[in-house]
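Worksheet for the structure shown next.
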């Protein structure tokens, strides 16, 4: 087992963390970790078995038995490569925990030296009906202390000269399998946003910036007897997926809930059909998948020193997560990014931030190549004393942004269509202050293929 583990470590050699990992063989102790951000899962049961220490070589790690528990940091200086256990699935989120079926623990852990560290969530999904877990190593987005990147496969995914398009259509969709559905946001976020990992077995390849189509079950209310229309969702992972093997794709989905303006109560009959369907899915469920589709948001890779300015609201950050993982997380011989990536993300508050641990990790590890600005409308004020929206952040850096665009930078917009009027007005006002005509500048940006917009 040690030999097998060491071989796996050599294969994935991707992240170092400044902690000793400890695992409990048994159930979770609720007193050890704060309550999860999720409101839908029961509390874990009491501690049953002693800790087994995971050392630098990972040799003492026990793989047999049911694994549920938590990870503690014992020495700040010790660094070890992170490998997760059998059935371990790591997802972005706020905190770190090991999860049993139908339960979740997320936490910013505190330790004996009073230091605090935030990790993504780790889920341990029961692979069988009984309580044993099989062993396999899966790693994802733990914060890095170094710049070591993840080896990906199959590299044949780099060979295609044109992006895959509409491999599966609405009349003949692909049946894919849900790997996981994890809540991304904290308890104070307005609404629920989920990260959904889909296993397509390598049969529905895609490029960064493309979309998948989902066909929810049931009949189309406007066309009795016909299936629902396809709903498009931007893919939130690179072509290699969250497990770096080219077999999964991820979506970032906000549950659409309608509240009656008079009563203030939820009206389920008017809730979003597909978003609620996706957020309610469980591991192992089957879904109908179409696509991939889209060319507008493809990441231009002809110049690895290019500048990419990404502007997102809410789940519009999905394609940009894919871009950034390709730039900073994955080791892709055909694409060695040496340019500047600048992300502007607008959300309601701190609890609404999506993939924040990943982005702040890039900011720490690649300060010369990545910039990250957040606009928190319910927590920050703009220069006029009003709410801080993403267009206000753009205005703060308008001179720099315009100079970058003049130098050939690409600019991308993704999110709700309501974001664009405010952004366009801001850009027009700034252009006029600079003595430029915005309509002419916009036309030139489009002609140069520097302007990329995907709103919904």
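Just so it is clear, glycine is given a Cβ too, placed from its N, Cα and C backbone atoms.
Predicted automatically and left uncurated, TrEMBL annotations should be read as such.
Residues annotated as domain 'FAD-binding FR-type' in TrEMBL: 171-299.
According to TrEMBL, the feature NADP(+) binding site maps to 234, 254, 315, 377, 378, 387, 415, 416, 454. With a 10 A radius on its CB, residue 454 (NADP(+) binding site) counts 19 other CB atoms from all the protein chains.
Residue counts for the domain 'FAD-binding FR-type' (171-299) by DSSP state, with H, G and I taken as helix and E and B as strand, are 10 helix, 52 strand, 67 coil. The Cβ of 315 has fewer other Cβ atoms within 10 Å than any other of the binding-site residues 234, 315.
Residues 234, 254, 315, 377, 378, 387, 415, 416, 454 are listed as the NADP(+) binders, and the farthest two of them sit 27 Å apart at their Cα atoms. The Cβ of residue 415 (NADP(+) binding site) has 311, 312, 313, 314, 315, 316, 346, 455, 456 as same-chain neighbours under 8 Å, each 6 or more residues away in sequence. Taken together, the residues of the domain 'FAD-binding FR-type' (171-299) have an average pLDDT of 94.
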